[in-house]
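J.: Here you go, one structure.
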Amino acid sequence: MDLCHPDPAELSSREAEELQRIKWHRKQLMEDIQKLKDEIADVFAQIDCFETAEESRMAQKEKELCLGRKTFNMDPMKGIQYLTEHKLLTSNVQDIARFLYKGEGLNKTAIGTYLGERDPVNLQVLQAFVDCHEFANLNLVQALRQFLWSFRLPGEAQKIDRMMETFAARYCLCNPGVFRSTDTCYVLSFSVIMLNTSLHNPNVRDKTPFERFVSMNRGINDGSDLPEEQLRNLFDSIKREPFSIPEDDGSDLTHTFFNPDREGWLLKLGGRVKTWKRRWFILTDNCLYYFEFTTDKEPRGIIPLENLSVQKVEDPKKPGAGPAQVCCPTEATGSQPSLLLPLPCSPLCTPPLPVLPGALQPRLPGPEDKGLQDRRGWQGGGGQARVLPDLGLQCHGA
């Protein structure tokens, strides 16, 4: 049966009113449905906006964390200060200790440097760092392997002494009854480290036999001797496998500066006497690192190229400089409020970054670059090097 719309002329007045009422309700329902669709679309748009903002915030946080780790690897005290100021790390000693214990992206030599300082906060962090280790049911050599792998011992005897005292106290707390006192653990730990050097250092010809190792440790357990079986187990463990010295894990400066986006000499205005100074700059990971000499292993400063504001100005301090750009970074180590960069005036210039005019020019490595080549492991006798033209950097510091 075919369905068709009724002819209004054939409807009674009551039926016509009912039909109008149905049409009105239908119209209201369609409007409500459209409102719901609009509200749902608005909610999804807000969710997308929130997710985008959250992703952007997390990306910015990751960049700041990466810069904080690099700063720590160059200067541990400044690195921790940067991380706490940017709320990437609290000033609580337990939080700092856990950050060092995890060691993600951290240079283990830098960790040892920080833990070895005598500042009261550093001493508390050292204690909390050692407390992060669980030595229960480990013999002394096993515990030492774990402990000495988590950082690299500094070279100063006093620093090593403090670290080993803290280790001995923690080991005895985790293994009550193994030694009569923490002094026993402390002395035996040094004896084991010396044994490791004697057995595995190729420059030591007189290798320590087991009998001498036993003799060295007589009476150290509060006047009593340690069980010979216990000493035999420690001796055999070291003889089979030496202590592993942690190598820097790729986050050290050699790797940071190995393959930069740009490198070259720049002019920098700074210091107490406002004079233009020539500095070696490296651009990598959206950060500028500057050195006094190409042979320097650590930069004098770091300038992140994030969130820059750019303004065209005239520079009256450098005759003949012409127009320039002022780029103001939001973050930097040191006190650099702005960077003064000349605008490109040559058709050969191409910007390596949207706000950083640079150039690719042919240049043969000279004698002054020998140290840089050695430091970064690059070998070559000619060709082209990526450089930036001389730029004026208006900032403070050396």
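Going from the start of the chain as shown, residues are counted 1 onward.
Using the three backbone atoms N, Cα and C, a Cβ is placed for every residue, glycine included.
These figures come from a predicted structure and were not determined experimentally.
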J.: Out of 19-53, 89-123, 264-298, let me know the one TrEMBL marks coiled coil.
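T.: Of 19-53, 89-123, 264-298, TrEMBL gives coiled coil for 19-53.
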J.: Name the residue range among 219-254, 363-398 that TrEMBL annotates as region 'Disordered'.
T.: 363-398
